[in-house]
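Read through the structure below, which is laid out as structure tokens, and then see the notes.
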Amino acid sequence: MAKAKFERNKPHVNVGTIGHVDHGKTTLTAAIATICAKTYGGEAKDYSQIDSAPEEKARGITINTSHVEYDSPTRHYAHVDCPGHADYVKNMITGAAQMDGAILVCAATDGPMPQTREHILLSRQVGVPYIIVFLNKCDLVDDEELLELVEMEVRELLSTYDFPGDDTPVIRGSALAALNGEAGPYGEESVLALVAALDSYIPEPERAIDKAFLMPIEDVFSISGRGTVVTGRVEAGIIKVGEEVEIVGIKDTVKTTVTGVEMFRKLLDEGRAGENCGILLRGTKREEVQRGQVLAKPGTIKPHTKFDAEVYVLSKEEGGRHTPFLNGYRPQFYFRTTDVTGAIQLKEGVEMVMPGDNVEMSVELIHPIAMDPGLRFAIREGGRTVGAGVVAKVTA
């Protein structure tokens, strides 16, 4: 059978494996890549290639991550797998590898364990929208009732963190049996069933260009006779000459009209997601706009000063603080293009936060910033990064 030619026109979806240590995340990753390559074309990767995860830097934080790609009949998947629990925490909080959906691997021999719970909570906090469960090592459990029990426990755990536990697909199998090419329901069939569940349960993600227009402002210039130009990289959507935009954040929201879009000194009709543009604003004075604000489609994003966040605090080795911080700590929060001072409130019963910890906190900023849940930020002290976080919930 001739291998299908790789086509770039399949929709691209980002996924990853999560779950407790030694429950089989990396073995499953290898099994999916191998079986998809064999069945649908593409390149197989073996366990050792995935397990020797290379180091990467995201926002100055060292993270070990493996990236694997595979095809299903209708999609192209990019899959991340991390070797250690700390890598998952950092990866999910920094958004180094954004996931459109996660595969929760839970060993049927153990049932849900502490990191199973923690990864589900992290997924909820950082906004992973969908979870699919792979109940692994089912070939080592003789008792059907025990499998039912473990499946029920996992579903209840998902429901605890506001995932639809009752409707979540749960695939039973054995990653090792599948990787070894064994037939039967727990072998290769289980991995093909998992891929089919990815295809049907995770909706195709909305592309940046189809979202509402948003551009973080990096710089502001005054051009005599023409007005004020703001520059930045368009994060989402499309902006056309003549459209209205809002300037959001730091000060009161102002509405204005785009009178020109330029790129590399050339005038354009529109600016699109991913492009660096200069945008000319009608009747806006140079001092009314500043770095750290955003240009947005009117009504799509609001400025906020209070939010709950999930934060990873850099360890000493990563260049972070050497000492813990306490309630009321006031660092700078770096959103998109600027620093804003904020005060933190730790959860009840949490006295202090040690370097290397991840923690939930509430933050109150001294200026409002345009934000939605899922927005990433860095925590800085005098220009050096000491933490990374993600907005879990906006509160005021």
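Including glycine, each Cβ sits where the backbone N, Cα and C put it.
Summarising the annotation, Swiss-Prot assigns domain 'tr-type G' to 10-206. According to Swiss-Prot, the feature region 'G1' maps to 19-26, an assignment based on similarity to another entry. Sequence annotations record features per position, and here Swiss-Prot assigns GTP binding site to 19-26, 81-85, 136-139 based on sequence analysis. Taken from Swiss-Prot, the feature Mg(2+) binding site applies to T26, supported by sequence analysis. Residues annotated as region 'G2' in Swiss-Prot, with similarity to another entry given as evidence: 60-64. Under the heading region 'G3', Swiss-Prot lists 81-84, citing similarity to another entry as support. Residues annotated as region 'G4' in Swiss-Prot: 136-139.
In the region 'G4' (136-139), helix, strand and coil residues by DSSP number 2 helix, 1 strand, 1 coil. A C-beta separation below 8 Å, combined with a sequence spacing of at least six in one chain, links C138 (GTP binding site) to A108, L147, R172, G173, S174, Y186, S190.
Among the listed binding-site residues, namely K25, H85, the Cβ with the most fellow Cβ atoms inside 10 Å is that of K25. Counting in whole angstrom, H85 (GTP binding site) lies 13 from T26 (Mg(2+) binding site) by their C-alpha atoms. For the region 'G2' (60-64), the DSSP counts in helix, strand and coil order read 0 helix, 4 strand, 1 coil.
A C-beta separation below 8 Å, combined with a sequence spacing of at least six in one chain, links the residue listed as 'Mg(2+) binding site' to T17, Y47, I50, D51, S66, D81, P83. Sorting each residue of the region 'G1' (19-26) by its DSSP state yields 2 helix, 1 strand, 5 coil.
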